[in-house]
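Here is the structure we will look at, set down as structure tokens.
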Amino acid sequence: MTLLTYLRRKLGLTGTKLGCAEGGCGACTVMLSRYQTHTQQLLHYAVNACLAPLCSLHLVAVTTVEGIGSVARKLHPVQERIARSHGSQCGFCTPGIVMSMYALLRNNATPKMADVEEAFHGNLCRCTGYRPILEGYKTFTTLMFRIFNVNCVFVSVQESPSLFNAADFAPFDPTQEIIFPPELMGSASLRFHGDRATWLQPASLDEFLRLKWKHPDARVVVGNTEVGQSVAHKRTNAHIHTHTQTHTHTHVCFTIFVGTRVVFGAACTLSHMGAVLRQEVETRPPHQTQVFLAVLEQLRWFAGLQIRNVAVSLPLLTSTQFVSAFKQSPRREDDISTVTAAMSVTFAPGTAVVEDLRLSYGGMAAVTALAGKTAARLLGRRWGEELLQDACSSLAEEMTLDPSAPGGMVTYRRTLTLSLFYKFYLTVLHKLREQGRGQDDVVGRPMMHLSALKQATGEAVYCDDVPLYENELYLALVTSSKAHAHILSIDSSVAEAMPGVACCVFAEDIPGSNVCLCLSDQSGASLSSTVTCVGHIIGAVVADTQLAAQRAAKAVRIQYEELPHIITIQEAIAAQSFYQPIRTIESGDLEAGFKQADHILEGEMHIGGQEHFYLETNVTLAVPKGEDGEMELFVSTQSASKTQLLVAKVLGVPANRVVVRVKRMGGGFGGKETRTTVLSTVVAVAANKLKRPVRCMLDRDEDMLVTGGRHPFYGKYKVGFLNSGKVVALDVSYYSNAGNSMDLSLSIVERALFHMENSYSVANVRGRGFVCRTNLPSNTAFRGFGGPQGMMVTESWMTDVAQSLGRPAEEVRRLNLYVEGESTPYNQILDQLTLDRCWDQCLQRSGYQQRRAAADLYNRQNRWTKRGLAIVPTKFGISFTAAGALVHIYTDGSVLLTHGGTEMGQGLHTKMVQVASRVLGIPCSKIHISETSTNTVPNTSPTAASASSDLNGAAVVNACQTLLQRLAPYKTLNPKGSWEDWVKAAYFDRVNLSANGFYNFDTNSGRAFNYFTYGVACSEVEIDCLTGAHKNLSTTIVMDVGHSLNPAIDIGQVEGAFMQGLGLFTLEELHYSPRGVLLTRGPGSYKIPAFGDIPTQLTVSLLRDAPNDKAIFASKAVGEPPLFLAASVFYAIKDAISAARVESGVSGPFRLDSPASAERIRTACCDRFTKLVQ
């Protein structure tokens, strides 16, 4: 028995998670403490509980995440900091990361940052992108992260402060940790005898040698990383294990106030003024110190220390007054400005109506010029678009300059008067919105994920954490070992006779419809008697423990008659093995476009598949209720309603007898949208047959074998373009590897076609999509849903165009970008387009031109390492369906909110609480979301396609507005009453305090998408031409997410999606044998990005002033769109390879398939060494 099994099943300590069962993900990390008798010192070290044999822990203290702190008692600083720095999304990996950091701190209370990074070498996270975890834990280091949050910029109208404040963290006191139990200070020999093995633990080297001499075939176990994996996955067993306590490794981880004014004397320096103002800003209410902040901002850029002397009188402001100051000069640090401006507006209390307005400009006359006429015209007006238009017209008339005015630049200076007022207008508009929201309105603020603290302490409950039922059984799958075959016979007699086995389950046990073809008949006579992939579910074994069920499942004997199989896209094309229909999108005149072109090129590209690698594998617990065919299921799924319907079909009961409950998921990414039902239906059939609760959580290798992943794609293209680089014709064909069923493959290839031009305007285009039928497990939805594959091919031909012309790729891309009002190939007019703004800001923020010059110089000076850059845009379409919500208000004023979306780490529940808080006008602390369940909100859409905040948010608003209308009379009668007063009054009047909400989007004719989310990324890499290794040096991302509902969550989504894309395009590879066997089935052979793969410099900015009028509170979807921006890393690698090829005398377009693995990079560099082995 492993330590993990003991903790979870025997002690009920479920904070330690099962992620892979092979020590590769770190989700099960705990800290072991052992007294070293030879040094008389304590050693603390982090280990994987999934590999640690329980019998190896004699005289060892085990500390789990529950043992260091809890929400109910007191959080440990390690737990608090990862949560408050937004480092926990789905949270499944969080306890392991917490324990890795905790173990480091127990050995080194003030680690260096290198120690922290090293401590996490064994931990994986699929959600966050790692950056916020490191940000939070940098606060423990000796550097204390002096430049806080420098790598993550949230941009609103003004630069926002950090997403979290380290000063709010509880201090870390290493003297207050748990003491080591004195009774464990010693050493002793140990001998365990079990049914299948003997465990010998010597206390000395001499004893170890004697035991090894006596038992020469005994396996020697230290960390159990090899033997443990062999037992867990190969089901092998050594009869005698000898464990040595001799651990040789160490863990190196981780002035004067007058009334309401401040008066500074003439001899007071501006440096001193700055110090005083900064202190006042820290101690006074924010609304009083706006003018201080404005002055401080100008002081940053005002001349040098020698000049900063002046007499100043500064007022304290009221809460209805807003002040800003602006300066434009040839160089910001210069004290001689072109135009300056100071503006102040005061509003009537509680309104946006202008009560007083003062506009002053420097540089428009010999002295400061006041725009008095404009200000007078705007009095009594509401601050809005009409006021802005009138103000600009009036300023254009009032602020004139003689053509011969000193300093020149007359037109520029007059334009600045309007531009600076517009800046002031936007600033005030933003502050009005903030002020109008009230202190309790958290929409648009970086609120922590609601479950983050529970996730950091291990108290968050996932599906497999549900306590064991008294008579519960465990299920293990029996799967096909052949890619395509008839089942001739199934012999389960040996399995059924094994200890602990309750029964075997096959197709004849299904009382309803075998709708999923989820089981095979023992006789091989049912429809599913033909298996169509390795991993095809044939049956299941149910036993009293997981180990007993898995051993018995291996004992089921199956005879096959093998049939021809198709594995790859190329084999499918050769056999014309396609699902119908073949999709086509065509626009313009393709033939005329190619005739117009100055150049025509053709190319092709293959994009590999990707494993979802959610940290929590698929899991289902089915509980029969004992009457009327009712069954309750706890499932880790994105599609509660779909699971309900399919389980009802296989059980032969109406859907109203089945309840599916989803508390939270440890990640999903699309992999739990449809494929979870292949497990849920089997578990439900077994529970129905035995009338007992049945549970199954797949091991990582099983999950990867059975569930499928992202579709591999093959793209062929022919592109016509002008000498300028303008693309005028495109003919592209996409082939996707769907696997052994359609699943969602047709919709996925359709989205690839909808994104075949990415962000570029092409007048004449044809795209065709082919869905290949193969003998692989059915591929399915994955973040991006075909969009990334479609756009990846686009950027391939765009790069080819640039290379064939010898022009910079960024110039060719910019030339072809869409502009406002242009039409897509599917005839959708683009409005509210922000591509150009994202592009220009990304160029500026990344310092692209300077980086390009530096990279070119580096490449000239270095032969065997090369640097490359790429800037890549994305345009991702967002579609809507429908959603529901249910809101209860209880008599104590608390609110229970339920909606149709599921929480998988994306912060959906957090955002929905924020939305409800704003609409109801109550603090988030009064609102609670318990779970998603089919008996509260029925007929829900899957939580997918990035639109869940849009859809469920609108449904929540609808329900809350209904309740507000019902409470309105009581608020009117008692305007000074509290929320609780109004609720009680309504209750006593027998008013219904429960409301349903519903939202349905009726698609406009001709619009494939409701709106688009835009973004641009610039990346720089360095490749080693001799090995193919690469470093991610920097990435700058500018993302348009509208008005963010929660910038901390949205930035986390951008970073997480980017890192997942980084894996897709540069690292992650699925390898199949020619017979269709998946060879990469766990973190040992399938590599997702780790902490060390983050770009050295990662900057994320959210585009400011880009409201979206088509979604909730002007926000935009954010889950999927950023993923493709990782293609900037791929094309930066390709740019670096191009530089290497030039050194070898090779230039022009070349093929580079995805992912850009070290092997592909090395081969593509094309030098004298590669030629020798060709």
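Cβ atoms here come from the backbone N, Cα and C positions, even for glycine.
Copied over from TrEMBL:
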DOMAIN    1-68  domain '2Fe-2S ferredoxin-type'
BINDING   Cys20, Cys25, Cys28, Cys50  [2Fe-2S] cluster 1 binding site
BINDING   Cys90, Cys93, Cys125, Cys127  [2Fe-2S] cluster 2 binding site
DOMAIN    192-377  domain 'FAD-binding PCMH-type'
BINDING   Val220, Val221, Val222, Gly223, Asn224, Thr225, Glu226, Val227, Phe302, Lys327  FAD binding site
BINDING   Gln638, Phe669, Arg783, Ala945  Mo-molybdopterin binding site
BINDING   Glu673, Arg751, Phe785, Thr881  substrate binding site
ACT_SITE  Glu1120  active site, proton acceptor
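Put simply, the two farthest-apart Cα atoms among Glu673, Arg751, Phe785, Thr881, the recorded binders of substrate, are 17 Å from each other. Listed in chain order, the extra residues whose Cβ falls within 8 Å of the Cβ center of the substrate site residues Glu673, Arg751, Phe785, Thr881 are Gly670, Leu744, Ser747, Ile748, Ala781, Ser879, Pro942, Ala944, Ala945. A straight line from the CA of Ala945 (Mo-molybdopterin binding site) to the CA of Cys28 ([2Fe-2S] cluster 1 binding site) spans 31 Å. Within 10 Å of the Cα of Cys93 ([2Fe-2S] cluster 2 binding site), the following binding-site residues from the list Cys25, Cys50, Val220 place their own Cα: Cys25. The C-beta environment of Thr881 (substrate binding site), restricted to residues of the same chain at least 6 apart in sequence and closer than 8 Å, consists of Ser941, Ala947, Leu951, Asn1000, Phe1001.
Looking only at the binding-site residues Cys50, Cys125, Cys127, Ala945, the densest Cβ neighbourhood within 10 Å occurs at Cys125.
Taking H, G and I as helix, E and B as strand and the rest as coil, DSSP gives the domain '2Fe-2S ferredoxin-type' (1-68) the counts 15 helix, 22 strand, 31 coil. Of all Cβ atoms in the protein chains displayed, 26 besides its own lie within 10 Å of the Cβ of Arg783 (Mo-molybdopterin binding site).
Straight-line distance linking the Cα atoms of Gln638 (Mo-molybdopterin binding site) and Glu1120 (active site, proton acceptor), rounded to a whole number, equals 15 Å. Val220 (FAD binding site) has Cys50 as its nearest neighbour among the binding-site residues Cys50, Cys90, Cys127, going by CA to CA distance. Taking the domain '2Fe-2S ferredoxin-type' (1-68) as a whole, pLDDT averages 92 in the prediction.
For the recorded positions Glu673, Glu1120, the greatest number of Cβ atoms within 10 Å around a candidate Cβ is found at Glu1120. Listed binding-site residues near Glu1120 (active site, proton acceptor): Phe669, Arg783, Phe785 (candidates Cys25, Cys28, Cys127, Phe669, Arg783, Phe785; Cα-Cα distance within 10 Å).
Between the CA atoms of Phe669 (Mo-molybdopterin binding site) and Cys127 ([2Fe-2S] cluster 2 binding site) there is a gap of 9 Å, rounded to the nearest whole number.
Phe785 (substrate binding site) and Cys127 ([2Fe-2S] cluster 2 binding site) have their C-alpha atoms 17 Å apart, to the nearest angstrom. Arg751 (substrate binding site) sits 12 Å from Arg783 (Mo-molybdopterin binding site), taking the CA atoms of both as reference points.
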